[in-house]
Amino acid sequence: MKIGIVGCGFVGATAAYAMVMRGVGRKLVMVDVNRARARAEAADISHAVPFAHALEVIAGEYEELEGASVVLVAAGVGQKPGETRLQLLERNAAIFKEVIPQVLRHAGDAVLLVASNPVDVLTHLAASIAGELGIPSSRVVGSGTTLDTARFRSLLSSSLGIDPRHVHAYVLGEHGDSEVLGWSTVTVGGMPLDAFAHRKGASFPPGLIASIDHQVRHAAYEIISGKQATYYGIGSALANIVEVMVYDRRSILTVCTPLPEVEGVENVTIALPHLVGGRGVLETFPPALDHMEREALRNSARIVRNAIESINV
């Protein structure tokens with residue numbers, strides 16, 4: 001199976017490397033406006049193939065995306081220290097208006113996976129462009145809060161001393177400052193968080209809850225402050241999403257895709273738990289949040305909707 005990657009910066013290249021390590025697909029086609037960068041990244045990653053899985057990794061043009069089942073779009077400028085994801089919008093929206101039509105011209109049957117930030121708004125923009133070509137919005141998916149959700153689960157598991165794969169917790173809304181940690185819906189081993197913590201002799205006092213919230217919400221800023229970019233975590237998250245799509249795993253992931261309504265906010269793209277498979281988003285499962293979380297999710301949806309309107313989508 002062919003997978004396209006458009007944008008060979010830190011995120012796109014790291015996602016490609018993660019796919020090789022996981023053995024996702026059979027062929028990776030890397031496309032970038034900087035052709036020398038695409039060739040160099042493809043060559044470097046291909047040298048890891050003998051130590052991992054037998055994938056063909058090449059640099060190419062948009063034409064070579066034809067027949068791809070998934071195209072990862074990681075094109076755009078990066079987030080600067082102190083810059084919010086929404087502040088990136090104007091610059092990256094202009095890039096998307098050039099890139100997305102070229103991708104769809106050659107890979108119109110593919111699922112688009114958007115990674116560029118602000119991912120919620122750019123996914124909405126990509127879906128709008130795709131819609132003009134008759135492509136359903138369910139086949140345009142953003143990485144959403146998949147990485148934030150992983151951070152949340154990891155911190156909870158550390159506090160409980162268990163494997164994070166057995167913690168079911170979700171971060172919802174914008175992938176950014178207004179995201180919502182769904183504390184009221186957390187379960188561990190089939191039990192509500194408080195009940196499981198009590199059995200373990202642990203607790204989540206307000207101070208610990210606030211600390212976890214801060215760490216999840218501000219992780220990217222702290223990483224960017226120290227090394228100018230984030231890419232290992234999101235690269236791994238993207239490789240996982242692509243694997244789910246390529247092999248039709250039918251996994252519940254907090255990706256983002258255009259939704260008709262969220263908490264009274266219409267026509268908005270934010271992260272909720274979605275059933276994801278070979279043709280993109282198959283179904284949406286809004287969680288049963290408490291009152292404060294619902295208000296926070298409504299606020300997050302409004303923020304993203306306002307950003308969408310700012311680029312006239």
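Glycine too: its Cβ is placed from the backbone N, Cα and C atoms.
Per Swiss-Prot, the features are:
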type: BINDING; residues: V11, D32, R37, Y62, G76, V77, A115, S116, N117, S143; note: NAD(+) binding site
type: BINDING; residues: Q79, R85, N117, P118, V119, D120, D148, T149, A150, R151, T230; note: substrate binding site
type: BINDING; residues: R153, H168; note: beta-D-fructose 1,6-bisphosphate binding site
type: ACT_SITE; residues: H175; note: active site, proton acceptor
type: MOD_RES; residues: Y221; note: phosphotyrosine
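Structure coloured by features recorded in Swiss-Prot.
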residue : record                                        : CB count, 10 Å
R37     : NAD(+) binding site                           : 17
G76     : NAD(+) binding site                           : 26
A115    : NAD(+) binding site                           : 25
N117    : NAD(+) binding site                           : 29
V119    : substrate binding site                        : 31
D148    : substrate binding site                        : 28
A150    : substrate binding site                        : 20
R153    : beta-D-fructose 1,6-bisphosphate binding site : 22
H168    : beta-D-fructose 1,6-bisphosphate binding site : 18
H175    : active site, proton acceptor                  : 30
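Distances between the Cα of A150 (substrate binding site) and those of the recorded positions G76, A115, N117, H168, H175 are shortest for H168. A helical conformation is recorded for V119 (substrate binding site) in the three-state DSSP classification. Classification of H168 (beta-D-fructose 1,6-bisphosphate binding site) by DSSP places it within a strand.
The recorded positions in question are V11, Q79, Y221, T230, and the one with the fewest Cβ neighbours inside 10 Å is Y221.
Here NAD(+) is bound by V11, D32, R37, Y62, G76, V77, A115, S116, N117, S143 per the record. The longest Cα to Cα distance in that group is 24 Å. Closest to H168 (beta-D-fructose 1,6-bisphosphate binding site) by Cα-Cα distance, out of the recorded positions V11, V119, H175, Y221, is H175. Checking each of the binding-site residues Q79, A115, D148 against the residue listed as 'phosphotyrosine' by C-alpha distance, the shortest gap belongs to Q79. In sequence order, the binding-site residues near N117 (NAD(+) binding site) (Cα within 10 Å of its Cα) are Q79, drawn from Q79, D148, R153, T230. Using Cα positions, the member of the recorded positions Q79, V119, R153, H175, T230 nearest to V11 (NAD(+) binding site) is identified as T230.
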